[in-house]
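Shown next, in structure tokens, is the structure this report addresses.
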Amino acid sequence: MQLTHLLAFALSLATSEAAYKGFNYGATKSDGSVKSQSDFESEFSTAKNLVGTSGFTSARLYTMIQGGTTNSPISAIPAAIAENTSLLLGLWASGGGMDNELAALKSAISQYGDSFAKLVVGISVGSEDLYRASSEGEKVNAGIGIGPDDLVSFIKEVRSIISGTALSSVPIGHVDTWTAWTNGSNSAVIDAVDWLGFDGYPYFQSSMSNSISDAKSLFDDSVAKTKAVAKGKEVWITETGWPVSGSTQNLGVASLANAKTYWDEVGCPLFDETNTWWYILQDANPTTPNPSFGVVGSTLSTTPLFDLSCSNSTRPSASASSSAAGSATPVGSAVPSGSAAVNPSSSGIVSSAVPSTTPGFTVGKGFRPSNSSAAAYYSSASASGSAYPKFTKTASGSSATSTTAGSSSDSSSTNSGKSSSESSSTNSGASASSSILATGGASSVSGSVFGALVAVFAFVATL
């Protein structure tokens, strides 16, 4: 009887502490049409049953607002309840629409109650707002952003709203580029959040040597820089990926083979170890953007475009994950910004022409441009010492390349534009152990889980 209880306890620890693994989901399709609840349900079901995987059961959203409405909760919420898919919520903080985002959050809490609350693993307040508000972001028309003071105020407001509700223990974070996180003027945001969201795209680091063979080192370097300023708080990987098709960015070639390599070398070590939201399940419905990051094509199918299986050799060892749990926590991604404006209802981002009830911005880091437009690609810190990358756009606006800025050692992978069907990613990780446990577990506790399992089975061996 004692043995049975010990084994059950060990297994419950392993189950409860598993890292979240999912995709980013925009509020609209690639043609700008608004997604319905059934659309989200189909996507969530497909993600859970992808051939070669154990299932991607979490979804990162860019906005709380359903497309075509002023402040009604996004239909991804009832879809997630129906499909038992966990949620990393996103509130678009720039452009003057925060009041409507907060109204939608309040409505979701009252309308869906505990069935909704139990699925929420985190809340991201804004995405890449700090980058867009920077001088470098303004130079490339990255879109409307906000500074650290306003962002901290919004974070406090969200904490106040969820206090005393079923979401009171949910960790709150913000998603931005590593250059924004490492800019000392933004340190107040790090102090205000429970976790930091990171997005990184080596493919778009076109001012550097960014071939697929360099991708893992570029990604790891940018994550390390973010963790170095995180003050011990978790970094969640909220957005990263490699395109299956599209234009070439310096040495970065979009192809199925390279997307598979990036999945193996960057994704597989993260999955089940670090909270990770990949970019993206599908971005080619009904039109295919340039570049396209979807692991499935224009037709939603559980059969992916390339092999998604992860061999044991691509995963960190149990001892490595336990000893490096703090450094291996996922990093988040950031919200859209770039050359093409998107509608938040579809991607979580909206153009300046869209009412302030939906986020307004253009494609930039961490965001995929709508349709064929590409993001303003992020590269490295500017030569002037600014922590923000410089970008130049092509005349067509369909693609952009970053200007040379900073040495390669100062550069790390960041984000890029995405299709309008997706919105910019946000991410986070709970820093406090209480927050982590409250949300069902995070990568930082993987070491303690492993230790508990070892202790239990060692004890069993003595019986």
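Even glycines carry a Cβ here, placed using N, Cα and C.
Annotation source Swiss-Prot lists active site, proton donor at Glu128, citing similarity to another entry. A coil conformation is recorded for Glu128 (active site, proton donor) in the three-state DSSP classification, outside any helix or strand. Residue density at Glu128 (active site, proton donor): 39 other Cβ atoms are found within 10 A of its Cβ, drawing on all protein chains shown.
All chains included, 40 other C-beta atoms sit within 10 angstroms of the C-beta of Glu239 (active site, nucleophile). If you look up Swiss-Prot, you'll see Glu239 marked as active site, nucleophile.
Close to Asn84 (N-linked glycosylation site) in the fold, though at least 6 residues off in sequence, lie Thr57, Leu119, each with a CB less than 8 Å from its CB. Annotation comment: Swiss-Prot describes Asn84 (among others) as N-linked glycosylation site, evidence class sequence analysis.
Take the CB of Asn183 (N-linked glycosylation site) and look out to 10 A: across all protein chains shown you find 21 other CB atoms. Here Swiss-Prot flags Asn183 (among others) as N-linked glycosylation site, drawing on sequence analysis.
The N-linked glycosylation site feature in Swiss-Prot is assigned to Asn312 (among others).
Annotation source Swiss-Prot lists GPI-anchor amidated glycine at Gly440.
Summarising the annotation, Swiss-Prot assigns region 'Disordered' to 317-354 (among others).
Residues annotated as region 'Disordered' in Swiss-Prot: 396-430 (among others).
Feature annotation from Swiss-Prot assigns signal peptide to 1-18; the stated evidence is sequence analysis.
DSSP assigns Asn183 (N-linked glycosylation site) to coil in the three-state reduction, outside any helix or strand. In this structure the C-alpha atoms belonging to Glu239 (active site, nucleophile) and Asn183 (N-linked glycosylation site) are separated by 20 Å.
Counting in whole angstrom, Asn183 (N-linked glycosylation site) lies 13 from Glu128 (active site, proton donor) by their C-alpha atoms.
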